[in-house]
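Input: a single structure, listed below in structure tokens.
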Amino acid sequence: MEGGNQTSVNEFILIGLTRNPKLQIPLFVLFLLVYITTLLGNIGIILVTRLDAQLQTPMYFFLFHLSFVDICCSSSITPKTLQTLLAKRKTISFIGCALQMYFYGSFVTTECLLLGVMAYDRYVAICNPLLYPVIMSRRLCIQMLSAAYVGGFCNALIHTICIFHLSFCGSNVINHYFCDVPPLLDLSCSDTFICELALFIFGGFDTITTFMAILISYFYIISSILRIRSAEGRRKAFNTCTSHFTVVLIFYGTLFFMYLRPTSSYSMEQDRVVSVLYSVLIPMLNPLIYSLRNKEVKAALRRSGAIGNSWPGAAESCRPSVVPMLRLGRGTASDMCC
């Protein structure tokens with residue numbers, strides 16, 4: 001099927017990342033390496049948080065699922081992107097497009113909510129360390145995790161139903177490298193006002209409320225850190241928390257930029273670049289930012305033999321675990337952030 005105006009659409013043509021044939025092979029190699037790194041990094045975190053006895057705490061329970069969601073998020077987009085970089089016919093079926101949008105939207109929204117849950121976990125650990133084991137019970141952790149998954153999949157279902165109930169009777173060429181909301185709205189020959197309003201309300205509610213909850217959590221976290229007497233403790237705490245907060249800002253910033261702005265301001269060329277950040281790069285960076293700077297995880301990796309004594313900070317990671325201190329009610333804000 002050639003791109004152009006049609007009376008009905010049963011498949012879409014993806015423009016892809018570039019129309020320049022000379023760039024397609026280098027981009028394929030780059031994205032393949034990024035995807036492999038994403039899989040290896042997140043699978044490594046999944047294994048170490050599941051198998052190491054000292055990491056059986058709420059913090060690493062959520063980290064396990066964050067890595068799982070990152071794998072699913074990347075896998076819903078990257079394999080098809082790699083295929084379209086090499087294929088002459090860069091097509092995706094109507095059903096395939098709907099499924100890609102649904103699963104990608106599900107895992108992105110789940111990650112959005114999960115980041116909020118993890119911020120609350122850090123708030124309790126730093127601001128109420130004596131009550132941390134009591135408040136963050138296994139039951140509450142499972143309830144919050146379930147709410148994140150259910151919220152993510154329900155939100156994506158609403159988005160997918162809204163989009164694919166529209167009529168596509170014109171061009172079937174998607175000016176993007178995957179099936180996303182803005183380019184499909186642009187292709188529709190129906191009135192999209194009601195659909196856009198519903199998407200803004202449901203998508204905006206999850207994103208904005210979760211982001212506000214994270215901001216409030218970090219406000220109290222920073223307030224607690226400022227009360228730490230040790231200058232070195234404050235420095236380490238700020239450095240680590242700033243790294244986490246930077247990832248949150250990048251993740252939510254790209255979501256706000258992509259989805260919570262008027263369609264009249266969309267630039268598909270610009271959006272393709274921005275979407276690479278949150279759909280491809282963030283899942284690769286999360287294991288590093290959330291885990292490899294964490295002394296508990298580095299110690300677990302050393303115990304498993306995954307890293308040696310030459311690993312940066314390996315000597316520091318050998319000191320006693322903070323988890324027993326928390327269980328005895330002796331944890332501090334600086335311990336939890338370091």
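Glycine is treated like the rest: Cβ placed from N, Cα and C.
TrEMBL does not curate its annotations; it predicts them automatically.
As annotated by TrEMBL, transmembrane segment applies to 27-48 (among others).
Looking at the domain 'G-protein coupled receptors family 1 profile' (41-290) alone, the prediction's average pLDDT is 85. As annotated by TrEMBL, domain 'G-protein coupled receptors family 1 profile' applies to 41-290.
Here TrEMBL flags 60-79 (among others) as transmembrane segment. Under 8 Å from some Cβ of the transmembrane segment (60-79) lie the Cβ atoms of residues 31, 34-35, 38-39, 41-43, 45-46, 49-50, 100, 103-104, 107-108, 110-111, 114-115, 117-118, 121, 141, 145, 148, 178, 279-280, 282-284, 286-287, 290-291, 296-297, all in the same chain and six or more residues away from its ends.
Outside the transmembrane segment (147-168) by six or more residues, the chain places 8-9, 65, 94, 98, 101-114, 116-117, 181, 184-185, 187-190, 192, 195, 198-199, 202-203, 206 with a CB less than 8 A from a CB of the stretch. According to TrEMBL, the transmembrane segment annotation covers 147-168 (among others).
Residues annotated as transmembrane segment in TrEMBL: 197-221 (among others). Only residues 6 or more beyond the boundaries of the transmembrane segment (197-221), in the same chain, are considered here, and those with a CB under 8 A from a CB of the stretch are 109, 112-113, 115-116, 119-120, 122-123, 126-127, 151, 155, 158-159, 162, 181, 241, 245, 248, 252, 255-256, 259-260, 333.
Positions annotated as transmembrane segment by TrEMBL: 242-260 (among others).
The annotation transmembrane segment is assigned in TrEMBL to 272-292 (among others).
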